[in-house]
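Each remark here refers to the structure printed beneath this line.
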Amino acid sequence: MKSLTKSFYPTLIQRRRGLLCILFIGLIIFVWQLGKTGLVDETPPLFAAASRAMAETGNWFTPQVNGLPRFDKPPLVYWLMGLGFSIPGNNSWDPLGTWAARLPSALSTIFLMLVLGDTMMKYPQEENNFNRRTAVITAVVFALSPLVIIWGRIAVSDALLCSTLGICLLLKWRRFANPEGEVWWLSWIFLSFAVLTKGPVALVLSGLTILFFAFFQNKPLGILKILRVIPGLFLVFIISFPWYLIELLIEGKPFLDSFFGYHNLQRFTSVVNSHGEPWWFFLTVLCIASLPFTPFLLISIWKNFYNVTKWSRRVIKRPEKSLFEFSFFWLIAVFVFFTISATKLPSYWLPATPAASVLISLSLTNNVKEEFLKSLAWKFTIFLSILFSIFLFSSKLWIQLLNDPEIPNFSEELNNSFLIEKAGFIFLLIAVLGIIFSSRKIYGKLLILQIPLVLSHFLIVLPTFDLADRLRQLPLRQASELLLNSQNRNEPLVMVGAMKPSIHFYTNQVIVFEGRSKNAFVNVSDRLKNEKRRGWKGMPIYGSNGSQTTLLLIDKRSVEKSYWQGLNPEVLGNFGVYSVWRLDREIIERRAKYLKTDGVSSTWKNPRPERF
């Protein structure tokens, strides 16, 4: 099948134009104003700090945050972020650190958009002249998923996993569709990148997808042979295994226990960080992640389920026309694996979003028998849009329920921004366009409904990010600046209450983080004297290397605790719910000694699966 010459296949020039259109949309959604806002606590600053530490120390093997090794993820995302921090003059063109930290997520998401679009154009699933339109719809449906918009613009590894695994699976399907025209090894290289992004989970999700699809096609051995599984796995081993081996030799058992034991095995077998959810959790996420086009996704899932239930009479399409079914089993693989997992997070659904976008775009087929289903999905999308519009326009009835102790005036600021009303108009516009075009025979008319959503990115999404940054993160950046400007020689930095690693990132110093409990107070006293970390150690109160005071960033809820009162702090500044104090360490010592006599013990040396 080297030659694909039928008239409904886009020419090379047409494909390039389609890809340029997708590239432009991807850039404005994921790169425009990417560095305008600061890092969002709590996880992104940990990734950014570890990556910057690699660039500064030259240690590109072990990620380190706040003087401790960070074993939660393999190194690929840290390497990519670290490259940005390695560019000369980084502080001048990227003062918030967000360009360097977020670009891997943004660019990898755009790359996946391009591969999705190219796959839809190179291997059209319908014999008509509108396959470029379908390709653009597919890429844009993926990009406009609420999950993708969020994770494609923040500094974590989820978007990179979604992209590397998604490209891997699309290339595997392309190899199956056209064994003579597609190389076998490229998909395995991207699988290696996925393993270097998140670990063994990439192998599991890829394997489940291929096995489910191979059994459905009734040729499991044939597909495995086409994909060259044995040499492919060997290639993955050669590319990804060396880092794991080197890290194990350098760090030993702590790496083994933390990465494989806690962050992989324990997350799957038990609930971690209170992220336990009911079995139907990902059914909810599936519906939310595809809004407002969820009805089209549900119809595609139903059609595939119906075909599977007729197992002996199921319809098996030609390899080059089987992307619809492949995407279904891709989505099912993600759903099954993470539903079984004890720990559940919305971001776990991200690897399924490319498959969902294919299922949505291909739900609008030219099959006359399915006109009723298409009409039903279209009408239900209109209904959902009207429902969302009514809900948003009635925001005064529920906006006060949006309480965040870190942003006491959030509901008031959000109400004054009129962003909710703008969102209501967007959904109303989608409903109106849906009604106007519901009876018109226009192929790819889903693209019309996507136009308001693209506009909403500039009118609503980016302003919402700006508002959240101003209310939630700006006070922390201002506090960080004051800490640096007020710090005396050898004076240690402490943060009590809400532990925000962005303070570590923006001060670029080791921070003693503790919570709000009485034990945390005692921990602060002990750690300031005795703790040792890479590049930092506790110091005495007196002497040439000592400090009689400490700078402390404390939140409002902690200040209200009785044991944090009566310490005679010098209040240097207040920023939102945070205050910067200078405290006499002798006073801290006396209060800690009193708490110890009352039975409060130090707990900072107790083993913890995660700390920074």
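Positions of Cβ are set from backbone N, Cα and C atoms, glycine also.
TrEMBL annotations:
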- 72-243: domain 'Glycosyltransferase RgtA/B/C/D-like' (DOMAIN)
- 18-35: transmembrane segment (TRANSMEM)
- 99-116: transmembrane segment (TRANSMEM)
- 136-156: transmembrane segment (TRANSMEM)
- 185-214: transmembrane segment (TRANSMEM)
- 226-246: transmembrane segment (TRANSMEM)
- 279-302: transmembrane segment (TRANSMEM)
- 323-342: transmembrane segment (TRANSMEM)
- 348-368: transmembrane segment (TRANSMEM)
- 380-399: transmembrane segment (TRANSMEM)
- 419-439: transmembrane segment (TRANSMEM)
- 446-465: transmembrane segment (TRANSMEM)
Highest-contact recorded stretch vs the transmembrane segment (380-399), from 99-116, 279-302, 419-439, 446-465, CB pairs under 8 Å
419-439
If we call contact 3 or more Cβ pairs under 8 Å (sequence gap 6 or more), are the transmembrane segment (226-246) and the transmembrane segment (279-302) touching?
no
Ranked by Cβ pairs within a distance under 8 Å of the transmembrane segment (348-368), the first of 99-116, 136-156, 185-214 is 136-156
Long-range neighbours of the transmembrane segment (99-116), counting only residues six or more past its ends (CB under 8 A):
19, 22-23, 25-27, 30-31, 34-35, 39, 44, 47-48, 51-52, 77, 80-81, 83-85, 87, 90, 93, 135, 138-139, 142-143, 148, 151-156, 158-160, 162-164, 166-167, 170-171, 354, 357-358
Near the transmembrane segment (185-214) in space but 6 or more residues beyond its ends, with Cβ under 8 Å, are 73-77, 157, 160-161, 164-165, 167-169, 171-172, 175, 220, 222-224, 227-228, 231-233, 235-236, 239-240, 243, 259, 263-264, 325-326, 329-330, 332-334, 336-337, 351
